[in-house]
Number of protein chains: 2
Amino acid sequence: MTNRYKITFAYDGTKFAGFQKQPQQRTIEGVLTRVVNKMAKRADGEISVYGSGRTDAGVHALAQVAHFDFPFDIPADSMLKGLNSMCPLDIEVKDVEIVSNDFHARYDVTGKKYLYRISQGRFTDPFKRNYTAHWRLPIDFSLIDTAIQDFVGKHDFSSFVASGAKPGSRIRTIFAVNAIDDEVNDEIQLEFYGDGFMYNQIRIMVAVLVEIGMGKRPVHDIQRLLKVKDRQQARLTMPANGLYLKKVYYPGDDPKHSMKKHQQRD
Amino acid sequence: MTNRYKITFAYDGTKFAGFQKQPQQRTIEGVLTRVVNKMAKRADGEISVYGSGRTDAGVHALAQVAHFDFPFDIPADSMLKGLNSMCPLDIEVKDVEIVSNDFHARYDVTGKKYLYRISQGRFTDPFKRNYTAHWRLPIDFSLIDTAIQDFVGKHDFSSFVASGAKPGSRIRTIFAVNAIDDEVNDEIQLEFYGDGFMYNQIRIMVAVLVEIGMGKRPVHDIQRLLKVKDRQQARLTMPANGLYLKKVYYPGDDPKHSMKKHQQRD
């Protein structure tokens, strides 16, 4: 008899070679798998840890989700303490739930929310260098705030997918977006909430928004890019260090409660 | 003919073995000296960089100050750009001034302000692990807010000096203190503004405040500790990663403009 545990965790992606387990590399999945097997006194890898999806090297998470089957009956709170006592300080488990054995962290995902942070200012702030993308040229926030709305809806995102993405449909739905002009921290924050995002999609979408904010593209160029379905025309990809996986949604999490402001505009 | 440059700079202390130049170690002074000599096309160390004082390994700075003499007449703003283009991303030069040749970054200091950040919460936040001290046990902020006032004034701080400090008078003046209960970030922030601080002094003072906040010492135990002049009785030292050098004062910077709230209580 095993229990299935759903864990929600944050990580600072700076020192990880991404999420997915790889030989000789420090990855989130690799570290968690080692910790879970050690707690269960199993050989490393005997118990698998299934994440909701990958994040790239340098990408952070405020609330990533994974599941695993554990051979002993440990209360959720003891599992939380145990995991945190064994995880390195750049991973923090925030929540543990015992779930039914048919829950799957990846297959059951109904939505994901990502945050992208861009810091402005003449020079790179040493305390933000790993936690925001730095863009020293002036960005007109109001242009971005208008343009980002063009992403909302069901679209073919072929113009916004990196060439390395796996084949398949490029049609995705973005439920809501949000742009915040954080003047206190001289920072622009962009949120995207959708049913799923492809390889580098958000980093390419943000790069287009930045070009619009600098006046290098017309404010509604996203409408055109969605039509032409041509990655070459979107050009740039923003760096990984500004990107955060903010939330993973499963059936029962009500999406309507989040990002109300922009949902009402739909 | 040389110009003397006063530079104000921030650094993330995480990856430095402290401020002071040391063979085979990455230090702030070492990096800046290499950069300045490279810009002047001199052998490393020919031009010296004089800081306002040292900070320990892991201690951060929001506005440290140093000076050096440069053999070419470069405008302050070009020096600022040049330094930032050559400094690593964990040092950011914020301001450059050409000053008179009798300015000295260390001898002319009239005051320093330090900030100490303590994060609360059950587990270490991965994004704060290098930038705050984490204290998971509950702290009663009101006790700290009361107790910290006992440091204000001219005192013999013998109870609050690490054994490795250089000999000399232990009498220092603290002009003002400030305690902030940042509930949004689940963090306590403590500021100390005085004419100078000795080795580990702030980290020892904060450790006593934390013990008071946990109810382990009477609220006015600092008055007693100042009298007994016994380092053994202060016991603990808080970790370096929560400490920030916030400002260095020189003649002409008016101390009365800062931390008004608590100065008025004196």
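Glycine is treated like the rest: Cβ placed from N, Cα and C.
Values in this document were obtained by computation on a predicted structure and should not be read as measured data.
Annotated features, as they stand in TrEMBL:
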| type | residues | note |
| --- | --- | --- |
| DOMAIN | A:10-108 | domain 'Pseudouridine synthase I TruA alpha/beta' |
| ACT_SITE | A:Asp56 | active site, nucleophile |
| BINDING | A:Tyr114 | substrate binding site |
| DOMAIN | A:147-251 | domain 'Pseudouridine synthase I TruA alpha/beta' |
For A:Asp56 (active site, nucleophile), the number of other Cβ atoms found within 10 Å of its own Cβ: 17
Number of helical, extended and coil residues in the domain 'Pseudouridine synthase I TruA alpha/beta' (A:10-108), per DSSP: 26 helix, 24 strand, 49 coil
Neighbour tally for the residue listed as 'substrate binding site', based on other Cβ positions within 10 Å of its Cβ: 24
Spatial separation of the residue listed as 'active site, nucleophile' from the residue listed as 'substrate binding site' - C-alpha basis, Å: 13
